Each structure stands twice: as structure tokens, then as C-alpha cells.
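One structure below.
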């Protein structure tokens, strides 16, 4: 669609430097109605001034939608039922938020009769892919405006200059020069000192977690109950998904849980450093795997585990709405029907580890079989035949090798 044909744009708006400048740029370049949409995914105080700021920067209409429960229930929980983790460290806090933002943005575009949507993701990053795959899933004909791929403001200083010229407040300061992205699952940090891969992230960067060495000297035990693979209660208290994750974030943050410093492989091909705080998610994943240990069949678990890296890549690369992710989700959800029980985890100075697990309804742990004491149900002599059959191919190979030496 030609620029002059665009009559109304819905912008995914965070209120940060990039999207504030994009809002003004869209008004200046397209001269049309621009509606901002901000998703409340648990950013906290960041959203407080966003309506006033959007109108002050030129927005014609402002949407601020509370999506916290939908975010955790329909996006975070399905992903955690899969134990998804990218490259062994990243719990996908940013990746899993983008599909929901894209979904709601496209709903607003339909309600408002907008012919274009826009986002603030750069042309170097993963988010441009995640947003736009979501857009096209809901409307294959939508016009997408990605300013970072179009404009000449190709540096942070150029953005600052544009902001000053157009009287846009600049939230980035010399004290906190890095960029951040926050939701109920995590907060991420990129840029500035983190572009030096040898430099340690400064302590004043962290928001959700205490430094482990400054965490309480006494450990805390937390019990998390699961039903069909979803966390439903903490220490016996039933909570909604968003309430539960927020509660675990607070507890985990007090004990320095969930800090990750990662050099990850972006979907566009380059490596990028990110520092993440995911206190509640770290506890949740540990507890979920503990309940699986006592309730999930061995072969089901091993098959599911073999698919986790692929599932995580789908989420990371923006394929949440893809048929392959939905197919894997159906398989994973089937495996979770027996994941009912309670895990007890111990939090202490940055560490979260399981110290107990139980299931009243679906435990596959049978003490009569597993005990090291005398039992009446397991004949240890039976193991001999099992071992001989399982070693047959190894014995044949050894005999063949010996014959070749003669």
C-alpha cells in the first residue's frame, strides 16, 4: 500500500524512546490517524504515564489493555507445560509476549478499521519477525510499517536528536543507558555496557532480584501444586495464573533467583547478549519438572524432552501461531494429563532446587519396587535375562571385532 493510501495506523506502543519517536514519525511522514496500543503484561509503574505521553506525542486514540491473565494462562503456561528453554538458558520471556501483543493489536486494527499496523522492533532483531508473523496470521493482507527498516535514524544518537527536535521526552539516562523489556515472566536488558561480552552486568541494572550474596541467609521452602501441568496453588493457597506468577516473582526475587547472562543466537543470524531476570519462571519450571518426575511415564517424558529444543526454537523465532507449534502443543498437553501433584523447592542465595515431590492421584513411584530394603514384589534375578538381551548387540559386535583380529 502506498504511503498516501494509508489512512489509519495502529502502533504497538511501549512509551519508550523508540516507539515515542515512531509515533511522531508516523504522524509526520504519513499524516494520518495513529492509534497507540499498549499491552499491560505486568510492567508495573512503566504504564502509569503512558496514556498522557501518547496523547502528548500525537496519538489520536489510545488503547491500554490489561492482558496479564491471558498472557500467563494462554501463553506462558502452555510454554511451561513444555518446559521450553532456548539454548539451555533462556526462558523466552520476551519471545512469548510478542504473539499476544500482535493478536490484540490486530483485533484493535479490525475494530478501528485500520489499514496498517506498526511496531518499534529494529531491523536487526528477533521482534520484527515475531510481530509480523503474528500480524500476517490474523490478516494476510495487512500493511506493516516497520520504521527501523525505512527511516534514516539508524543510531541511538540520531534518535535522541530527533526526539529533541520534536520535543519528545527521552527516558534513557546516563545512569541506565541500556534498553529493557518487562512483563510478568521476566525483564530483559540489552545494549550499552552489555555489548562488551567480557564486562559484567552492573548490579544497579537488576530490577526484580536481589544480589544472591545479599539475599537472606536462611533458605525458604515453597510448595507449588500442579493440575494437568499448570500451577494452581502456592503453599496451599489457590491463585489465578497471573497472581501465582507475580507471587513467585516476589519470593524468587528476594532470594536472587533467576538471573541469566546469555549470548544467544538470534533468528536473523547474529549473536546478541542479553541479561535476564526470571525469578518466578525459574521456580515454576523447576517445580513443574519435579512433579513430572513422579507422574510421567519414562518413554513419554523422553519423547517430549526430545522435542523441547524444537518447540523452544518455534517460540523464539516467532512461530507461535504456526501449525507445527500447535501440533506439538497438542502432544505436550496430552502428556500433562497426569501431571498432578505438589513440588517442594528450596530457595537460597540464587539457587532453586527441588527437595520433595508427591502426587496423591498419579504417582508412578512405587516403594515396593524401588526400595533398597527387602521387598516381596521384585525378583532381582530377573535382571539377568534383561541385561543379556539388551547386551546382545554389543556382544555380537565384540565377537565380530575379535574375529577380524585373527
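Placement of Cβ uses the backbone N, Cα and C atoms for every residue, glycine included.
Residues or ranges marked as ATP binding site in Swiss-Prot (evidence: sequence analysis): 12, 13, 14, 15, 16, 17, 18, 19, 20, 39, 120. Contacts of residue 20 (ATP binding site) defined by a Cβ separation under 8 A and a same-chain sequence distance of 6+ are given as 13, 53, 57, 163, 168, 169, in order along the sequence.
The L-citrulline binding site annotation in Swiss-Prot covers 90, 95, 126, 130, 179, 188, 264, 276, and the record cites sequence analysis as its basis. Non-local neighbourhood of residue 95 (L-citrulline binding site): 86, 126, 130, 315, 316, 318, each in the same chain, at least six residues away, with C-beta under 8 Å from its C-beta.
Residue density at residue 127 (L-aspartate binding site): 20 other Cβ atoms are found within 10 A of its Cβ, drawing on all protein chains shown. According to its DSSP assignment, residue 127 (L-aspartate binding site) is helical. Residues or ranges marked as L-aspartate binding site by Swiss-Prot on the basis of sequence analysis: 122, 126, 127.
Here the Cα atom of residue 127 (L-aspartate binding site) is found 13 Å from that of residue 188 (L-citrulline binding site). Summarising the L-citrulline site geometry, the residues cited as binding it (90, 95, 126, 130, 179, 188, 264, 276) extend over a maximum Cα to Cα distance of 19 Å. Cβ contacts within 10 Å of residue 120 (ATP binding site), excluding its own Cβ and spanning all protein chains shown: 22.
The Cβ of residue 18 (ATP binding site) lies under 8 Å from the Cβ of 120, 122, 148, 159, each on the same chain and at least six residues away in sequence. Listed in chain order, the extra residues whose Cβ falls within 8 Å of the Cβ center of the L-aspartate site residues 122, 126, 127 are 121, 124, 125, 128, 129, 130, 266, 268. With all protein chains in the displayed structure included, the most crowded Cβ environment within 10 Å among the binding-site residues 90, 276 is that of 276.
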